[in-house]
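Down below is the structure, laid out as structure tokens.
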Amino acid sequence: MFRGASAINLDTKGRIAIPKRYREPLRAEYNGQLVITVDFQSSCLLLYPLDEWSKIEAKLLLLSDTRASERAMKRLLLGYAHECELDGNGRLLLPPPLRQYANLEKHAMLVGQLNKFELWDEAAWQQQIEQSRETIRSEEFASNERLADFSL
């Protein structure tokens, strides 16, 4: 399970170094194999261990190719999907189209989301945090039935 937010940098070749605390679990449980794709709702990337990505692909397989919205989602998620493996130094190479989609240049945030990571441009992450705070303070959040019984 992945949690926490880590500030990371892209090198001149477009590689990121996965924080050390995640490297061994990724290698031990997933052989260091990941799939990187885009988030169709936000300007960030999603990094899934290959086994977790296989579950997503199984769900995508059930979607229609004739319904425009389902086809659009499949196009984005599968079209951008890039399989990769941690190198000996715990780095991943981000292909240029993925870097462009998320506006990644130098400073980024790797954010654990239990079964996956989100990879954000650092400035975009800060904006997202502010938007999330506003959402939490909104009436819509307060009236969400699924969150009514959620407590910390």
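Keep in mind that glycine also has a Cβ here, set from the backbone N, Cα and C atoms.
Noted in Swiss-Prot for the protein shown:
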type	residues	note
DOMAIN	5-52	domain 'SpoVT-AbrB 1'
DOMAIN	81-124	domain 'SpoVT-AbrB 2'
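Within the same chain, residues 1-11, 13-20, 22-23, 26-27, 31-39, 42-50, 52-53 sit at least 6 positions outside the domain 'SpoVT-AbrB 2' (81-124) and bring their C-beta atoms closer than 8 Å to a C-beta of that stretch. Under DSSP, residues within the domain 'SpoVT-AbrB 1' (5-52) fall into helix, strand and coil as 14 helix, 20 strand, 14 coil.
Per-class residue totals from DSSP over the domain 'SpoVT-AbrB 2' (81-124), listed helix then strand then coil: 9 helix, 19 strand, 16 coil.
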